[in-house]
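Pulled from Swiss-Prot, these are the listed features:
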- 1-20: signal peptide (SIGNAL)
- 21-152: topological domain 'Lumenal' (TOPO_DOM)
- Asn48: N-linked glycosylation site (CARBOHYD)
- Asn49: N-linked glycosylation site (CARBOHYD)
- Asn106: N-linked glycosylation site (CARBOHYD)
- Asn115: N-linked glycosylation site (CARBOHYD)
- Asn122: N-linked glycosylation site (CARBOHYD)
- 153-173: transmembrane segment (TRANSMEM)
- 174-178: topological domain 'Cytoplasmic' (TOPO_DOM)
Amino acid sequence: MREFRLIFVLLFFLPSFAIANTEIINVETGDSNKLLTSNSVCDIELSNNSSIPLLLKPNPTIPQAAGAPQQSKYTFSVCGLKPLQKYQIRASWPAVYPSDIILNYNITHIIVEINASFYSHNESLMKRPPLVPLRLVVEPLLLGFLPKSVLPIVGFVFVIILIALICMTNLFIKHKRD
């Protein structure tokens with residue numbers, strides 16, 4: 001019984017070991033013929049691989065000299081989306097790169113806006129923050145709320161609950177007999 005308590009405590013604290021940031025939006029494509037086809041120039045092709053690794057330059061915490069260009073918005077075209085379908089757009093990046101990321105979506109493009117969100121005594125670091133490694137993922141939502149990549153976890157949890165119910169039923173029946 002002690003082993004089960006230890007396993008439960010370890011599973012309870014397991015999420016604290018996750019060291020990444022994620023920004024997620026759920027979108028629904030409209031009933032439109034403006035969606036890009038696979039013949040178009042695409043940054044993300046939904047039929048092949050809906051995940052792309054990126055290195056993006058964030059807006060600095062301390063602005064550059066007046067008039068210097070500030071580029072923090074990136075646009076990515078998405079092909080293979082189906083009309084009237086719900087999708088999840090997810091951006092993930094390591095926690096060691098503190099950044100504020102804003103995701104937006106229009107009919108054919110994902111817009112990623114990235115800003116550095118840290119403070120340091122090193123002024124050059126504040127003016128020129130390091131590039132942020134980012135993974136951008138687009139995947140369909142099943143039943144309108146469940147990302148496809150979560151299905152194995154849902155299946156595993158379902159099996160564990162089923163096994164627990166069978167064990168509890170057997171224990172209850174055994175306890176009733178005694």
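Glycine is no exception: its Cβ is also placed from the backbone N, Cα and C atoms.
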Using C-alpha atoms only, work out the spacing between Asn106 (N-linked glycosylation site) and Asn115 (N-linked glycosylation site) and round it to an integer in Å.
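That separation, Cα to Cα, works out to 21 Å.
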How long is the line from the C-alpha of Asn115 (N-linked glycosylation site) to the C-alpha of Asn122 (N-linked glycosylation site), rounded to the nearest angstrom?
17
What's the number of neighbouring CB atoms sitting within 10 A of the CB on Asn122 (N-linked glycosylation site)?
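The Cβ of Asn122 (N-linked glycosylation site) has 8 Cβ neighbours within 10 Å.
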As a quick check of your reading of DSSP, tell me how many residues in the topological domain 'Cytoplasmic' (174-178) are helical, how many are strand and how many are coil.
4 helix, 0 strand, 1 coil
Mean pLDDT across the topological domain 'Cytoplasmic' (174-178), rounded to an integer, is what?
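Residues in the topological domain 'Cytoplasmic' (174-178) carry a mean pLDDT of 81 in this prediction.
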Output the one of Asn106, Asn115 that, of all these glycosylation sites, has the highest number of other Cβ atoms within 10 Å of its Cβ.
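Selected residue: Asn115.
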What parts of the chain pack near the topological domain 'Cytoplasmic' (174-178), using Cβ distances under 8 Å and only residues at least 6 beyond its ends?
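Beyond its ends, the topological domain 'Cytoplasmic' (174-178) has no Cβ neighbours under 8 Å.
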With DSSP assignments reduced to helix, strand and coil, which class does Asn115 (N-linked glycosylation site) get?
strand
